[in-house]
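Engineer: Checked Swiss-Prot, it gives:
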- Glu181, Arg227, His455, Arg496: L-aspartate binding site (BINDING)
- Arg227, Asp228, Glu229, Gln236, Glu489, Gly541, Leu542, Asp543, Arg544: ATP binding site (BINDING)
- 205-208: region 'Aspartate' (REGION)
Amino acid sequence: MGESIHGLERSHKCTELSSSNIGEKVTVMGWVQKQRNLGSLVFIDLRDRTGIVQLVFTDKDGEMFDKAKTIRSEYVIATVGTVAARSAEAVNKKMATGEIEIIASELRILSSSETPPMYIEENSDVNEQTRLKYRFLDLRRPDMQRNLILRHRVAKVARDYYDQNGFLEIETPILIKSTPEGARDYLVPSRVHPGKFFALPQSPQLYKQLLMVSGYDRYFQIAKCFRDEDLRADRQPEFTQIDIEMSFVNVDDVLEVNEGFVKKAFKEALGVDVETPFTRMPYAEAMERFGSDKPDIRFGMELVNMSDLVANCGFKVFTDAVAMGGSVRAINAKGCAKFSRKEIDALVDLVKTYKAKGMAWISISQENEIKSSFAKFMSEDEMKAILNRAQAEAGDLICFVADKNNVVFDALGQLRLEIARKLDILNPDEFKFLWVTEFPLFEYDEEDQRWAAKHHPFTSPMDEDLQYLDTDPGRVRAKAYDMVLNGVELGGGSIRIHIQELQAKMFKMLGFTEEDANRKFGFLLEAFKYGTPPHGGMAFGLDRLVMLMAKRNSIRDVIAFPKVQNASCPMSNAPDVVDETQIEELHISIAKE
């Protein structure tokens, strides 16, 4: 049994104490980081959310001294004592409280602890599975606490900023109608309505649009969202987004308001000045220059189109790609001619994982000796033209991919990032934002042989492209935009369709029958009959934003209790079986495997 806290009141958190408190009687409480027994003295490092302060117990204290000797790491204690200056040789400049210590006069052990399965310290070298199984211990570590405090600060900035800009925080339902948005819905069976199901929202999309129809003008919400999909480093089955919608706006209005939030968040939470307005880049330009719709613009190494130079050369791989309507493009990896054949082969293997058939290359040594995987098929003039366009110099490695455009862009876009990582030129302290705009409204689904929405069915076409809706859907651009930071999509949105007839037409183009559209979205189409303002908005992934601000590699590091790769929780063992009576009440049965 632990001792009672009765009669004690904490006067300070650990790092609220400094040399200005010397001579004061204080009461501190927290966890024992470590205990050191030096015979006539016992030192205890006491830890709370703010940091560590040193407690001192002497053998003159009798019973209290004996009690201090029994204390182990992670015991929870309360101590009353007097703040004193450390001796000059004992000052620890690495600690916020390194100039002081507390000479204890009272000690209570509030609860004891077993030996923890992991060290509770900064950057503890422990595998992630153990960290997640004992997440309640992992969250005691200073780096994890900093991450969650940063998350809190960003969320607070969001609430303050959007409130100051006339937005209302309105909660939308968690139990909704299933209208899958590309990923699978999490379904919730209804006990009251046998055979029917709610879904957990993938986003508040329809409800925030209905709030605009309802006249609320500016809405925001820090919303929980759910997607039943395979996980990656930046995906979770449940995630949090900062959700925004605005009435009577155009694209510029939405971008300006939301980059203002990001600027304020970085300044207030990190002390970092973010330059605004952000760079804006149409989707087509992003693909042409970087091979990606979320380019990392901290470095160059842009794609170069070589198609016209090689259309009639002797290298069949190049000529065939151009003849079938594809392209031949390259990147110049400056200073990479020193790559070994093994390293180049690894780059070839990389592009193959993105459906490229291979990678051609030219290397130029410091002595200007040219080596190439295809030089024997090229004339001297053709090779010279290629090198000129690539702005090649001694020491460079030029990497080529020839294929359909989408394969070329994807492969070279990923190759560009891999080479940047190998060269260690990605500065984690540099934050390069941009907006990617004018996305295609549709993308063609080869498997289903039909057009699908690039973003979602509620995105408005650009006015000047409406004429192509019936005749050339692939040419239609959307009033859509993504915010990108250092190659990571932070969020996205669009101006929405607000005309009922156009929304119905969009559903039809996407393959919905009138009956199906009405069953899934009838309440939205009905609302659009009663005066709908032009509106648009976006959503930020709060998890991703904080992950980048905290310079972490996984959003699991900025979520208190995340799921793992198979969408389970090692700590609580969720999901788990439930009682048979619960299953029966829901009027469902579990199929045998």
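Note: Cβ is positioned from N, Cα and C throughout, glycine not excepted.
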Engineer: What whole-number Å value do you get for the CA-CA distance of Arg496 (L-aspartate binding site) and Leu542 (ATP binding site)?
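Structural biologist: For Arg496 (L-aspartate binding site) versus Leu542 (ATP binding site), the Cα atoms are 22 Å apart.
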Engineer: Check the Cα-Cα distances from His455 (L-aspartate binding site) to the binding-site residues Glu229, Glu489, Leu542, Arg544 and tell me which is shortest.
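Structural biologist: Result for His455 (L-aspartate binding site): the nearest of the binding-site residues is Glu489.
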Engineer: Where Glu489 (ATP binding site) and Arg227 (L-aspartate binding site) are concerned, what is their Cα separation in Å, rounded?
Structural biologist: 17
Engineer: Compute the C-alpha separation of Arg544 (ATP binding site) from Arg227 (L-aspartate binding site), stating it in Å without decimals.
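Structural biologist: A Cα-Cα distance of 16 Å.
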Engineer: How big is the gap, in Å, between the Cα of Leu542 (ATP binding site) and that of Arg227 (L-aspartate binding site), rounded to a whole number?
Structural biologist: 15
Engineer: Does Glu229 (ATP binding site) have same-chain partners at least 6 apart in sequence with Cβ under 8 Å from its own Cβ, and which are they?
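Structural biologist: Counting only residues 6 or more apart in sequence, the Cβ neighbours of Glu229 (ATP binding site) under 8 Å are Ala183, Arg184, Arg235, Pro237.
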Engineer: Three states by DSSP: which one describes His455 (L-aspartate binding site)?
Structural biologist: coil
Engineer: Assuming the binding residues for ATP are exactly those in the record, Arg227, Asp228, Glu229, Gln236, Glu489, Gly541, Leu542, Asp543, Arg544, what is the maximum CA-CA distance in angstrom, rounded?
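Structural biologist: The widest Cα-Cα gap among those binding residues is 20 Å.
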Engineer: Where does Glu489 (ATP binding site) sit by DSSP, helix, strand or coil?
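Structural biologist: In the DSSP reduction, Glu489 (ATP binding site) maps to strand.
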Engineer: Over all shown protein chains, what is the count of other CB atoms within 10 A of the CB belonging to Arg227 (L-aspartate binding site)?
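Structural biologist: Other Cβ atoms within 10 Å of Arg227 (L-aspartate binding site): 23.
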